[in-house]
Amino acid sequence: MKPSPQFLLAAFLSLILQTGICYGIKWIALSKTPSALALNQTQHCKQLEGLVVSQVQLCRSNLELMQTIIQAAREVIKTCRKTFSDMRWNCSSIELAPNYLLDLERGTRESAFVYALSAAAISHTIARACTTGDLPGCSCGPIPGETPGPGYRWGGCADNLNYGLIMGSKFSDAPMKMKKSGSQANKLMHLHNSEVGRQVLKASLEMKCKCHGVSGSCSIKTCWKGLQELRDIALDLKNKYLSATKVVHRPMGTRKYLVPKDIDIRPVKETELIYLQSSPDFCMKNEKVGSHGTQDRQCNKTSNGSDSCDLMCCGRGYNPYMDKVVERCHCKYHWCCYVTCKKCERTVERYVCK
C-alpha cells in the first residue's frame, strides 16, 4: 500500500523540524581556507566556503577582517576538540564543516555549545586583533572610567571588546536572521546560545597588570582590561553545556516562545544554554544521529571522571597496549643562563575502548 501524499508531506515537515537545518555555524569551514588565498580583493569573498549571502556582503565591506575571522574559525575547532577530549562526544564532527552530521545540524545540546563558543571566539579574536594592531579599523580598548587603587595606574593596551562584539555578532548572527534558515524554533535557540557565549566572553574581561620599579620592586603597576584565554571561556561554556535546559517552542499570546520543557512556569534564563532535541549517548557509531561512537577511543583506567574506561567505553570493556614516550630528562642548569637536557624513553600502558 502506497503512503498517501498527506502522510509524505507530514513526514517531510517532521524531518525538517527534527533537523532544524540552520547555516549559523557553517562559516567554521573558513578554517580550511588555503593560506595562498590573499583575500585582498572583494571577488575573493565568493571563494570562501560556508558563507551565506549576507556574510559574503559583510566580507566585501570589511575585507580587512576576514583573516581574523578565518583565525577565529580555526580557534573554534581547536578549542572545542580540546575542551571535549575527555568525553564521549569529543567534538570531532566539527571538522566536517560545512557538512555537519545531525549532532550539530539539529537543535542539540552539542550544537548549543558550538554556537556559543563560535560567537565568543569570533568576538574574542577580533578584540585581540585590535590590540595587536592587526586591524586598521580599530585600536586599543578604552581606558576604564573607575580609578585604580593606590600603586596602580591605567596603561598598556586593553582588548577592544566593544568592537569585537559589534563586528563579531554582525558576522556570526547573520545566518540566523535570514528568512530561509531553518525553523523559527532553531533560529531562536541559536541566537539565544550565541548571546550566552558573548555574555561569558564579557564576564571574562579582567584587570591585568605589569610591574615597574627599581630592581623589580613593583612599586607601580600598569594595568589594563584584558580578556581571558578562549580555553577558559570554553570551560565556562562546558559547565553550561552540562547543565543546559531542554526547551519547547510554545504559543504564548499571539507569538511563540522557547520555554523550559519540564518547568515551563518560568522563562528561559538569559545565562543558560538551551536545546530542543535530546542527544544519543554517543556510545555506538550511528551517523543517522551524528554519533561517531567510542570504539578505539583512549580512556583512563584510574579516573572517576568522564574519561574513565567505565564511562568512555559504555561498559563494553577496554584493551591495553604499550606505548613508548620520549621526554626530556637529566636536565642541567648552566651559568648563565641556559638549560640542557637529555632525551629519555619509557614505556607506559594505555587503554582503548573495545
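Yeah, the Cβs are placed from backbone N, Cα and C, and that goes for glycine too.
Looking up Cys223 in Swiss-Prot gives a disulphide bond whose other cysteine, out of Cys157, Cys209, Cys283, is Cys209. Here the candidates are Cys313, Cys314, Cys329, Cys331, and Swiss-Prot names Cys314 as the disulfide partner of Cys283. Cys91 is paired in Swiss-Prot with Cys80, the candidate among Cys59, Cys80 named as its disulfide partner. Between Cys344 and the candidates Cys329, Cys331, Cys336, Cys353, Swiss-Prot records the disulphide bond with Cys329. Listed disulfide-bonded residues near Cys140 (disulfide bond): none (candidates Cys91, Cys329, Cys336; Cα-Cα distance within 10 Å). Spatially, by CA atoms, the recorded positions Asn90, Cys130, Cys157, Cys299, Cys313 include one closest to Cys329 (disulfide bond), and that is Cys299. A sphere of 10 angstroms centred on the C-beta of Cys313 (disulfide bond) encloses 21 other C-beta atoms. On a Cα basis, Cys337 (disulfide bond) lies 44 Å away from Cys309 (disulfide bond). On a Cα basis, Cys209 (disulfide bond) lies 27 Å away from Cys337 (disulfide bond).
Annotated pair Cys299 (disulfide bond) and Cys353 (disulfide bond), C-alpha to C-alpha distance, rounded: 7 Å.
Counting only residues at least six positions away in the same chain, the Cβ atoms of Cys138, Ser139, Cys140, Gly141, Asp159, Asn160, Tyr163, Gly164 sit under 8 Å from the Cβ of Cys130 (disulfide bond).
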